[in-house]
Amino acid sequence: MFWLMFLLHVVLARSASPKSLPVVKPGCRPKCGDINIPFPFGIGHGCFREGFGLSCQQNATDGSYKLLSGDFEVLDIMLASHQVRMNNPISWQFLNKTTGNFTESKWEMNFTSTPFTISHVHNKFIAIGCGILAYTSMTDYKDDSYITSCASVCFKAESSVNSTCSGIGCCETPIPPGIKYYNIWFDHVNFINVWRFVGSLRSAALVEAGNFKFNTSSVNDDDSWNTRNRQVPIMMNWFISHETCKSAQRNKTNYACVSSNSVCINNQNGSGYICNCSRGYRGNPYLAEGCQDINECEDSSICLGAICMNTPGGYRCSCPPGTTRPIDGEGCYADVITGHKMPIGITIVIGAGAGAALLILVLAILVLIRGLKVRRNKKLKQMFFKQNHGLLLQRLISSTEDTAGRMKIFSLEELDKATNKFDQARILGCGGHGTVYKGILSDLRVVAIKKSKIIKQSEIDQFINEVVILSQINHRNVVKLFGCCLEAEVPLLVNEFISNGTLSDHLHVQGRNSLPWKDRLRIALETARAISYLHSAASISVFHRDIKCSNILLDDCLTAKLSDFGASRSVQIDQTGITTIIQGTYGYLDPEYYQTGRLTEKSDVYSFGVILAELLTREKPYSICMSSESGSLIARFITVVRENCLLDILDPQVVEEGPREQLEEVAVLTERCLRLRGEERSGMKEVEVRLEVISSSTRDFEHPSLQRSLSLLDQKSS
């Protein structure tokens, strides 16, 4: 009887014609040319879900078809992976070598009100050309809060290498997840006369990683990427709505996962959700009958030596009566033991005993695992403490009584408790060197705990040295270091908590008025005192290397505190500079250091000069709204100072509040700090003294004694 039922099942399964999987709604167009259009995409009224409408255009010349989403051509739609491949125009900038003028074509991609996001896994930002900085903003056209860039330089015509996009002739950089908008603009770093031997065209775009291969001819060619009108593929992710699955399921009329055999999955890189067919089904989960059962029994290897029976969403392997299938084996074997059934009472006793034994075994294993985990964590802490030279640091700190009183080596347990196990809600900010958390110590002191990014083991010695140096710095305008923790893989720093944000937060605000001029001048003086102290007054010279408005913290009284020494380097007093890997922030980076890699105290002077220019103009050193013709803030500032047109660039609030002679003195000092050659810049001590003189008497700026002091400083600097 069993075999008769089995044969009937096989005949029915083989004779039944498989259902065709529905792709589009009834009566809707399934293709445009050779491209399939699965729902929720569609062409025409009632054929697509909101946000997924497409159009199909036919070329009158050759009869070919083009599928469009708005202004962008769609090359492929992938339902299973929820991705769309589109064509993306290239942004370019052309230099007319005769006139020296630029012409350009800059594209933006704006999907802020659509269900599309740019894939950070499959795309990258690429720029081609020589002596350029290519920037892209990835938030929206009114906000430059997320900007990424890459720099491409050429020192010789043959410097670039085919297929290598490493910053010589071609540069590339990854993009963050969840991006829905981007645009591109260019700047140039023409430190040498690169235009003598290269082409005049520079170009950039977001490109699907597998669809780009760099060729050195693109650098020397005036038609990079073959043509200025060329488009390159870009991969987009798509999702449904802006709700979570839980929220969307409350509104059944608009819920997208309409197939009864589908599941809802929340979008991991932002808001919204996607639908997939349940396990054992395939098809389109966005249609009512879209997900259909997979007949696994069509695969002859599924149940080797046994009988396969298809079930909804799965299958079952069974054996005829009198045979048994091993739990972890294949085929069907005759039963070895036959006879009477065991009495029910004995069966219950044996089952209960086996269950109790299994429960005890599981509990014993859990206790053992917990004990091993505690022991492992303790050994890891000891290993990291030794690896991070904890004993050496303890001796160095205890060797100085003053340092020992201020500095402490914290345990990881103390900092876990202070930050609620590094809770995301405690994050104060994320920078290039790590993440900063707000913490409350057991003595109720509020601190800022910096968790650095992974560093090489070779840099641990340098880090310990920096901790000792910073522990010896005691200046009212430098953020105090309370201690560190060496029981983690990467050492943690515990700093003084400054509650009132950064100089950038207070200076670059919406509205007509910002910080008053007297506060700006005082903050500049306090910052100069801190940098001058690091360069010459401390026991060993420290070059900060990342001085910018966002690294100057302000307390409740708007007192400046220099922070973030993650990029700092220490040098001996008699050293004038060191050669290092280039590190810093675009806009504030010393161009001489960028070109040579040699870091000196004048590199910090240049960065401070950028801050002075910001305080005078209330403009950022870079901006997505800045055109190539207008140039950067620094270039424009130097020009107006040298042409005696200072009022053309000053912040109107500064003009109203500050004496003109005082503003001119600060502007001249700023220009000296921003000179291209480091040897022509003022020293940091001279900058500090000059600001002291300028700010000593705002009311009596015309006083003869003050003017004599400024004249003496001019003679000294000349």
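Glycine is no exception: its Cβ is also placed from the backbone N, Cα and C atoms.
TrEMBL does not curate its annotations; it predicts them automatically.
Taken straight from TrEMBL:
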DOMAIN    293-329  domain 'EGF-like'
TRANSMEM  344-369  transmembrane segment
DOMAIN    422-706  domain 'Protein kinase'
BINDING   K451  ATP binding site
Close approaches to the transmembrane segment (344-369) from elsewhere in its chain (Cβ under 8 angstroms; 6 or more beyond its ends): none
Secondary structure content of the domain 'EGF-like' (293-329), with strand meaning DSSP E or B: 3 helix, 13 strand, 21 coil
Those residues of the chain, 6+ apart, with a Cβ under 8 Å from that of the residue listed as 'ATP binding site': F422, G434, T435, V436, Y437, A488, V490, L492
For the domain 'EGF-like' (293-329), the mean pLDDT of the predicted model: 81
